[in-house]
Amino acid sequence: MSGNSFGKLFTVTTFGESHGIAIGGVVDGCPPGLEITEEDLQVDLDRRKPGTSRYTTARREDDEVQILSGVFEGKTTGTSIGLLIKNKDQRSQDYGNIKDRFRPGHADYTYDQKYGSRDYRGGGRSSARETAIRVAAGGIAKKYLKEVHGIEVLGYLSQLGPVTVDKVDHSVTNTNPFFCPDESKLDALDEYMRDLKKSGDSIGAKVSVVAKNVPVGLGEPVFDRLDAEIAHAMMGINAVKGVEIGDGFDVINQKGSEHRDTLTPEGFSSNHAGGVLGGISTGQDIEVHMALKPTSSISVPGKTINKDNEEIDIVTKGRHDPCVGIRAVPIAEAMLALVLMDHLLRHRAQNTGVLSTTKPIAGQA
């Protein structure tokens, strides 16, 4: 299996399966001298880990990360950073009934067709369990971005089913189990999720993430456009079915006179483009939104086929998130941080010392 690595100069490679002994990863390209501890990485891992509220899967994992290499006396050495998280709460017996059945909406059928075999226990390599390592690696990137460049990456749940946030207060996001930035929507979210769990069904969601204080100039103008690589990163998250940068699909109904972000000596008058023009960051906030499908692992009976191509009934057992979008918030933050970290290093490698004759303008007037 290829495709286990992400990034060019700041590279993350992950390994492991949902019900294996452990999951792990290697981070290459981190500059030396960054102060980092396991506790630093644990903050976002605790936000992502399962079993923390009634609204997510009942599987309980501590998700305690171990730094195996690349850090000495509390600082990065510039060598490969090894990360490991042990799996503790697997219940592989819950999946015995799907050994020869293909769960609809999952990777069971495609893995079987591509590899001729599959790890049916919790989805194996296709499980979102793997994203815990992305979050740990993203924690390294987030710390570097903030401490060295003042860049902050902030994610939140912007919609869950029919419940949409009306305002964004980042100080509220991490005070509730939904990562919702609108305090007035918490009761509606709670009521909706309680009813959903009783029905045994699941629901989709929209997650948003913004990067603040990003400098102008990150990204390459052709194949490695900053927005293209952000979309690549977000589409690589389990269950993501669509990504928008800035106004996204709303631009269909916009006129050019409305959509263009006017430049003034004081700064940009708007940010419809989401902080990227021509594949290069403008210095404005980078705004990203993604749609996540409802999980297909539900207790509502359905139809599928088995390995003998016979139509059969299926009810998925196991412990699953009724809305995968909730725990996707720290994952989205991590992936955006990894993209920005990679492009900062690439920009530094090629463009150090480059000066434009035009003075940079503010991100927002």
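Each residue, glycine too, has its Cβ placed from N, Cα and C.
Since we're looking at a predicted model, the values are computed, not measured.
As recorded in Swiss-Prot:
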type	residues	note
BINDING	R48, R54	NADP(+) binding site
BINDING	R125, S126, S127, N238, A239, G278, K293, P294, T295, S296, S297, R319	FMN binding site
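Everything Swiss-Prot records as a feature, shown here on the structure.
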residue	record	CB count, 10 Å
R48	NADP(+) binding site	25
R125	FMN binding site	20
S127	FMN binding site	20
A239	FMN binding site	20
K293	FMN binding site	17
T295	FMN binding site	23
S297	FMN binding site	22
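If you take the Cα of R125 (FMN binding site) and the Cα of R48 (NADP(+) binding site), they are about 18 angstrom apart, rounded to a whole number.
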